[in-house]
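Okay, these came from Swiss-Prot:
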- G14, P15, T16, T17, S18, G19, K20, T21: ATP binding site (BINDING)
- T16, T17, S18, G19, K20, T21: substrate binding site (BINDING)
- 39-42: region 'Interaction with substrate tRNA' (REGION)
- T105: site 'Interaction with substrate tRNA' (SITE)
- 163-167: region 'Interaction with substrate tRNA' (REGION)
- 243-248: region 'Interaction with substrate tRNA' (REGION)
Amino acid sequence: MPIKINKTVIFLMGPTTSGKTDLAIKLSQQFKTRLISVDSALIYKGMDIGTAKPDKATLKKYPHHLIDICNPEDSYSAFNFARNANAQIKTAFANNELPILVGGTSFYFHALEYGLSKLPESTPESKEKFNQLLKSKGTIKLHRDLKRIDLQAANRIHPNDAQRITRALEVFDLSGKTLSKLQGNKKPIINHPIKKIILMPERSELHQRIEERFLSMMEHGFLDEVKHLKQNPNLHENLPAIRCVGYRQAWQYLNGKIDKAEMIEKAIIATRKLCKRQNTWLKSEKYVFILKSPSPVKVVTFINS
């Protein structure tokens, strides 16, 4: 069955280990598509095993745009993503390709569909200032500081979410205005119809896959990958890249804070918690086509409907 382009953008969403990438590749085998990654971990170079990044042969045959675009120490925001993804969508339509945005980072999808507020950009000086504050005070105390400045933002942000806490404080420091006030006006980034597909296997199946995949990662050199990252003096535990599930626990193990068995258990639990958060977000999405298992035929029928 041929597929209709019709200037439509496809969101292929799902929790971790749901099979999104495999389904996207199957669609690329049959149709002229442009795969655009929507994953805040896959952007980083040198983080391949722990992020379940498609291997180099697969990426060469079926390119995924917005993978390997940053070093782990680099800053990359939802604004950066929205701008880059929008450029890829425009390129897709110019080449008569169907843009398929595939991933599980809800904030990135939300930014594209609903837009972002215009916030002051980080500077190296402000970034360093708040990194030092994070090291000296910790997330809980910084979260209390944020409560005094912007209660609305503090109520939305988890007390352990170091990245979002420091960003909210940084925004106030740079602009003199609270994050909540600046987030008032938003405009959608995408000005095209969006069709949303959610791949949602049973929870028990996802939990089993998560455990099996992490154990497989361990067998395929995940700890060596993290050891290599630790050789970079610019990397530390509070960076977004190192806070990715699996990497944080491996980092703690290599620093002697936990033993290997505890590291494996904590990494699997953290990934299952991520899966739960993703499922909560996905259940709130409206006007979606839900699949329990990958079916290219059903997806094409939905896209053409």
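Including glycine, each Cβ sits where the backbone N, Cα and C put it.
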Hey, how far is G19 (ATP binding site) from T105 (site 'Interaction with substrate tRNA'), Cα to Cα, in Å?
15
With Cβ-Cβ distances below 8 Å as the criterion, list the same-chain residues six or more beyond the ends of the region 'Interaction with substrate tRNA' (39-42) that contact it, or say none.
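Same-chain residues near the region 'Interaction with substrate tRNA' (39-42) but 6 or more away: 51, 53, 64, 66-68, 76, 81, 103-105, 107-108, 240-241, 244.
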Do you know offhand how many angstrom separate T17 (ATP binding site) and T105 (site 'Interaction with substrate tRNA') by C-alpha?
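Spelling it out, the Cα of T17 (ATP binding site) and the Cα of T105 (site 'Interaction with substrate tRNA') are 13 Å apart.
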Taking just the CA atoms, what is the gap between P15 (ATP binding site) and T105 (site 'Interaction with substrate tRNA') in Å?
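Just about 9 Å between their Cα atoms.
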Near T105 (site 'Interaction with substrate tRNA'), which binding-site residues out of S18, K20, T21 have their CA within 10 Å?
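If one measures from the Cα of T105 (site 'Interaction with substrate tRNA'), no binding-site residues come within 10 Å, so the answer is none.
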Which whole-number mean pLDDT does the model give the region 'Interaction with substrate tRNA' (243-248)?
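Its mean pLDDT is 97.
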Could you check what DSSP calls P15 (ATP binding site) once collapsed to helix, strand or coil?
coil
Excluding T16, T17, S18, G19, K20, T21, please set out which residues of the same chain place their CB within 8 Å of the center of the CB atoms of the substrate site, keeping sequence order.
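For the substrate site the neighbour list reads G14, P15, D22, G104, L199.
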Using a 10 Å radius around each Cβ and counting other Cβ atoms from all shown chains, which of the recorded positions T17, S18, T21, T105 yields the largest count?
S18
To test your reading of the ATP site: which residues beyond G14, P15, T16, T17, S18, G19, K20, T21, same chain only, put their Cβ within 8 Å of the Cβ centroid of those residues?
G104, L199, P201, L206
Look up K20 (ATP binding site) in the DSSP assignment and report helix, strand or coil.
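K20 (ATP binding site) sits in a helix per DSSP.
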Tell me which residues of the chain lie with their Cβ under 8 angstroms from that of T16 (ATP binding site), as long as they are six or more apart in sequence?
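The answer is A52, G104, L206, I210, T271, L274, C275, Q278.
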Within 10 angstroms of the C-beta of P15 (ATP binding site), what count of other C-beta atoms is obtained when all protein chains are considered?
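A 10 Å sphere around the Cβ of P15 (ATP binding site) contains 26 other Cβ atoms.
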